[in-house]
Amino acid sequence: MIILETRSLKYSYPDGTAAVQDINIEIKKGKKVAFVGQNGSGKSTLFLLLNGTLKPQEGEILFHGVPFKYDSKSLREIRKSVGIVFQNSDDQIFAPTVYQDVAFGPANLGYSKERVDACVQSALEYVGLIRLKDRPPHHLSGGQKKRVAIAGVMAMEPEVIILDEPLSNLDPVGADEIMDLLNEFNHFGSTIIISTHDVDLAYRWSDYVFLMSNSKLIGQGTPAEVFKEQELLKKVGLRQPTTLEIYHEIERRGLAYGRNSPKTIPDLVNTLKPLDLMWVDVAPGVREGDNLNIGVMYGEYATQSPYEAINATVLHIHPNGRAIVELKRKGIKAGGVLLYDTDKYSPDEVRQIIKEGEIAFVGAMGKKSKTLAEQDGIRLDVTSGVIDKSILMALCGKRCLILTAGGMVDHALKRTREYVDKSGIEFTVGVVNRDGGCKWLEETEGSPEKLKT
């Protein structure tokens, strides 16, 4: 379903500078969309048009197929449904306290005092700032101000959230927290639209990319489609994403499997084609290209796990009856990624899981989970890029625990299971405290073994 659409959109500033020229786009509901381009390419002006802050001089914008109207009542409905977070949070935050700033939008929509309070409390809880609700915004850090601005938009319960350069002026930890929030909003159905000149962010995060230059739309498609066009990227002063650049170099050297375009470091690692050959005796009648079950290897013959089930493809058969085969290994006992929902948090339970589950690597996603771990002295090995780093550790046979909450639990579960399905590399994935019980599942030889507390 198309939620936002523009038709032949044009806008120029009073001095005659063309900011948006003949823009035609369709944005699907529930997608993560990135507008990519250098500063001055027209992204920010387009966002102000999509929110009804500016009115186009030509063309039209449609929300759920209905053209925008620019009377006061219609604009109020548009801005309730299509929220915008500016690049500079100071341009958006003006009230004496955090609570009052977040309450401004719902109050302006005519909500009752009780509903305004419920919306504000919920939004501040969601972004992890409820304890700062009475603090003046100018006393906050850059990352906290950004979260206040996001909470102000969230409190109006929009279907679409637009963010202009959402990670500008944020440190890596603050940036990771903002992206966790955006992923959670999207998980619950919100359409998320961002502008950025960071090609690495757009490539790994978005479902769909629009490429802008000199106030025009010059390309669009999936991240893999857009960022493979090296000549187009050079034309607008952008480079290929680092992960894709490394993959193409690996592919040119014949060291990569398949023709997928990896988005993340675990995806990239999974494309590597190891040289794993062996001489084996084969039975009469075996032909080149046949698949063989070699059995289980261990000790010095198992290179990735303590015990490995080995299948092999016959590459060449020698006249003496021996063959060169390419080995395909599968660890019988691999690591795993375990998720703990901190909405049901117990520090003693977490410590017991870490001890009895032999957890070697602990991460936390979201401000709430990080704060809980820190205040209770629970060791955190990683607080940014948590999902990818946990997958990499699981591939090395380590058991990992991710502390998170809300929609990020299902988001992390989905991301990790997608990796397992796509890569074909099996390791345990699950939520440890869902449905009232603590469970660590070791899926070995088809018989789950459960650790319960």
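Glycine is no exception: its Cβ is also placed from the backbone N, Cα and C atoms.
Listed in Swiss-Prot for this protein:
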- 4-239: domain 'ABC transporter' (DOMAIN)
- Gly37, Gln38, Asn39, Gly40, Ser41, Gly42, Lys43, Ser44: ATP binding site (BINDING)
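Annotated features, which come from Swiss-Prot, shown on the structure.
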residue: Gly37; record: ATP binding site; contacts (Cβ under 8 Å, 6+ apart): Lys43, Ser195, His197, Leu211, Met212, Ser213, Val236, Leu238
residue: Gln38; record: ATP binding site; contacts (Cβ under 8 Å, 6+ apart): His197, Ser213, Val236, Gly237, Leu238
residue: Asn39; record: ATP binding site; contacts (Cβ under 8 Å, 6+ apart): His197
residue: Gly40; record: ATP binding site; contacts (Cβ under 8 Å, 6+ apart): none
residue: Ser41; record: ATP binding site; contacts (Cβ under 8 Å, 6+ apart): Met212, Ser213, Asn214, Ser215, Val236
residue: Gly42; record: ATP binding site; contacts (Cβ under 8 Å, 6+ apart): Ala19, Val20, Gln21, Ile23, Met212, Asn214, Ser215, Lys216
residue: Ser44; record: ATP binding site; contacts (Cβ under 8 Å, 6+ apart): Gln87, Asp164, Ser195
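Annotated ATP site Gly37, Gln38, Asn39, Gly40, Ser41, Gly42, Lys43, Ser44; additional same-chain residues within 8 Å of its Cβ mean position, judged by their own Cβ, are Ser195, His197, Met212, Ser213. For Lys43 (ATP binding site), the count of additional Cβ atoms within 10 Å of its Cβ stands at 25 [all protein chains shown]. For the domain 'ABC transporter' (4-239), the model's pLDDT averages out at 93.
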